[in-house]
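Undergrad: Below you will find the structure I want to go over with you.
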Amino acid sequence: MEVYTDIYKFRKVIKQLKYQNRSIALVPTMGNIHRAHFELIRNGRKHADIVIVSIFVNPMQFERTDDFKNYPRTLEDDLKKLNSEKVNLVFTPTLHTIYPSGIDKHTFVKVPGISDILEGALRPGHFLGVTTVVNKLFNIVQPDIACFGQKDFQQLAIIQKMTTDLSMDIRIISIPTVREANGLAISSRNCLLTETQTQCAPVLANTMRWIATLIRNGRNDYHSIIKNANTKLQANGLKPTEIFICDATTFQTITKQTTKAVILMSAFLGRIRLIDNQIVNLLN
Ligand code: PAF
């Protein structure tokens, strides 16, 4: 496995791979590699000759400086894990490589509409940071496919729209959420939870499954379902920030035409914000 921080050297390797007609899968990450990343890597390998993982904690997508500062950075350990997963190349750019003129003066890429609603309304500027950096990584790596987890459901939809809108010749592969045995969605931030918080965390996924069952059973009084779910979460020490039940394709209110709904949830446990989502197929 080769690790590149220098963009010029890295680009030379990419050029060579392109010249050799090798297909490339990109797995963009912010590091703190865990089991869910392994799934992305393994799927990348299924679809391409070369798997490249990027590790960059992107300040543009954090709206809280303490969250950015505290984001787990475990590069040495990450490289060992990626090496054992037989990743071909790792790209670990510096802040200056990605934002040479600083974040504020940088050109950005914004997907309209969908970036400003739901999670985007709670975290203004977050998706703009995501699409800008993913765009840059796509331009640098020039992958044939790129793998993203369904845990960040809205992010995935935004990236899909961005690639379509900007006519990028990149196939976006979406990978189902990887969970602990207790249902908790695996995430880099989980390692920041205390022991007690780790015990409370699965309540988020449990509550989501409870909502999904109600909806599947025909309940459509979403306001009261959300109210009860909020109470459940609070009773277990979580501070819910969002529970949205909407059309999984349009991200708008569920209508008679909706065939797939999505439950999007997030909650704070202490200073750590957990997110999760579940698709519910509706019988019309
Ligand atoms: O999902 C993530 O880890 C990040 O949002 C991504 C896609 C690597 C962009 O920084």
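Just so it is clear, glycine is given a Cβ too, placed from its N, Cα and C backbone atoms.
For reference, TrEMBL lists these features for the protein:
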ACT_SITE  H37  active site, proton donor
BINDING   30-37, 149-152, V178, 186-189  ATP binding site
BINDING   Q61, Q155  (R)-pantoate binding site
BINDING   Q61  beta-alanine binding site
Undergrad: Given the recorded positions H37, Q61, Q155, which lie within 10 A of V178 (ATP binding site) by CA-CA distance?
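TA: Neighbours among recorded positions, in sequence order: H37.
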Undergrad: In which DSSP state, out of helix, strand and coil, do we find Q150 (ATP binding site)?
TA: coil
Undergrad: With the Cβ atom as the reference point and anything under 6 Å counting, tell me which of the binding-site residues (M30, I33, A36, Q150, S188) are near ligand 1.
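TA: M30, by Cβ distance under 6 Å.
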Undergrad: Other than its own, how many Cβ atoms are within 10 Å of the Cβ belonging to I33 (ATP binding site)?
TA: 26
Undergrad: Let's check the environment of H37 (active site, proton donor): how many other CB atoms sit within 10 Å of its CB?
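TA: Excluding its own Cβ, H37 (active site, proton donor) sees 26 Cβ atoms within 10 Å.
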Undergrad: Can you count the other CB atoms that lie within 10 A of the CB of A36 (ATP binding site)?
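TA: By my count, 20.
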Undergrad: Roughly how many Å separate the Cα of Q150 (ATP binding site) from that of Q61 ((R)-pantoate binding site), to the nearest whole number?
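TA: Roughly 18 Å, rounded to the nearest whole number.
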Undergrad: Do me a favour and check the Cα-Cα span between A36 (ATP binding site) and Q155 ((R)-pantoate binding site); whole Å is fine.
TA: 16
Undergrad: Hey, how far is H37 (active site, proton donor) from M30 (ATP binding site), Cα to Cα, in Å?
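TA: So the alpha carbons of H37 (active site, proton donor) and M30 (ATP binding site) sit roughly 10 Å from each other.
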